[in-house]
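So the structure is just underneath, and the comments pick up after that.
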Amino acid sequence: MRQYSLIAPAKINLYLEIIGARADDYHELAMILQSISLADQIDLHAANTQTIRVFCDHPQIPTDESNLAHRAAVLMASNFPTAFSNFGGVDITVKKRIPVAAGLAGGSTNAAAVLVGIDLLWGLGLTQSQLEELGANLGSDVPFCIGGGTAIATGRGEQLSPLPSLNNMYLVLAKYKSLAVSTPWAYQTYREQFGAEYIKNHQDFTQRTKAVHAAEIVQAIAVQDVEVISHKLHNDLEKVVLPAYPQVLQLRELFAKQPEVLGTMMSGSGPSVFAIVESKQDAETVKEKITVAINNSDLELFVTQTIGHGIQLETRH
Ligand code: C5P
């Protein structure tokens, strides 16, 4: 097979708790991650060039070595040099639908798709956990993006425990096109403001993580109780991002005022905000009301839903 097309879904955080600072400068986290139907398409094509090239239809996205999809291909080439020299280069085309720098793991899911796609292209037969291990070198969210669905993520975010899948929960997702939040800035600012509350040693990390496993939101996911899930949404990074970005706070407050909205939260380090509703029709109603109320062409709104998978093959050529 010389070409594969893959669907690379975005993720939201139903829960993000910052537990402490780690020796490696990352933060110890307890998160619940959820794949959504909003997705990019990644086409991989075996080229006769011995080079890795990225093409993207989004003008803001660099296609050079800094692109995470590019880095994923370089990682595969350096881990499997024989396959790389046998099969030659790879052309990667990213059809961007997921908002950029939004807290939706757009870059991470592209990288995950490249790992999965090159594994297929070169016939490597890697397992999901081998792919996840490779993915952890590229970014904390990459391992989750490979298998997707619903999962507890601890450590840096790369240690995954699957949860029962939460299919067909409807959401409205909003993002100001011109706003981008730097993830390192969000974590750094959090550390400056709340670092004194951090738990200091690793033993405590484990205990705290266990408490999260037992948390009400995890139980609500087990019984698919959308109302309880909506009331228990949590994201520590809101404490630093909302005060710094008043437009995001306003959006969050406007969502919360809609009678159809069961719960609303910023995703990841933001600035995208999602609202959980009961049905597709409620999602369309809320999307319409927010569009009218904010009346700003810079605001993008999506009706989307939770899904039970990560990277998937679209069509075979
Ligand atoms: O892992 P990733 O490259 O996606 O992380 C981006 C940045 O977010 C890191 O450089 C770090 O500043 C911050 N981060 C963190 N703790 C985590 C995950 C990310 O401090 N667990």
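Backbone N, Cα and C define each Cβ position, glycine as well.
Features reported for this protein in TrEMBL:
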ACT_SITE  K11  active site
ACT_SITE  D141  active site
BINDING   P99, V100, A101, A102, G103, L104, A105, G106, G107, S108, T109  ATP binding site
DOMAIN    67-149  domain 'GHMP kinase N-terminal'
DOMAIN    219-290  domain 'GHMP kinase C-terminal'
Hey, does DSSP put K11 (active site) in a helix, a strand, or just coil?
strand
By DSSP assignment, list the helix, strand and coil residue numbers for the domain 'GHMP kinase C-terminal' (219-290), in that order.
40 helix, 11 strand, 21 coil
Output, ordered by sequence, the same-chain residues six or more apart from K11 (active site) with a CB under 8 Å from its CB, or 'none'.
L33, Q34, S35, I36, L104, A105, S108, T109, D141, F144, C145, G148, S267, G268
Over all shown protein chains, what is the count of other CB atoms within 10 A of the CB belonging to A101 (ATP binding site)?
19
Apart from P99, V100, A101, A102, G103, L104, A105, G106, G107, S108, T109, which residues in this chain have a Cβ no more than 8 Å from the mean position of the Cβ atoms of those residues at the ATP site?
A10, I98, G268
Would you mind giving the whole-number mean pLDDT across the domain 'GHMP kinase N-terminal' (67-149)?
96
Should P99 (ATP binding site) be counted as helix, strand, or coil on the basis of DSSP?
coil
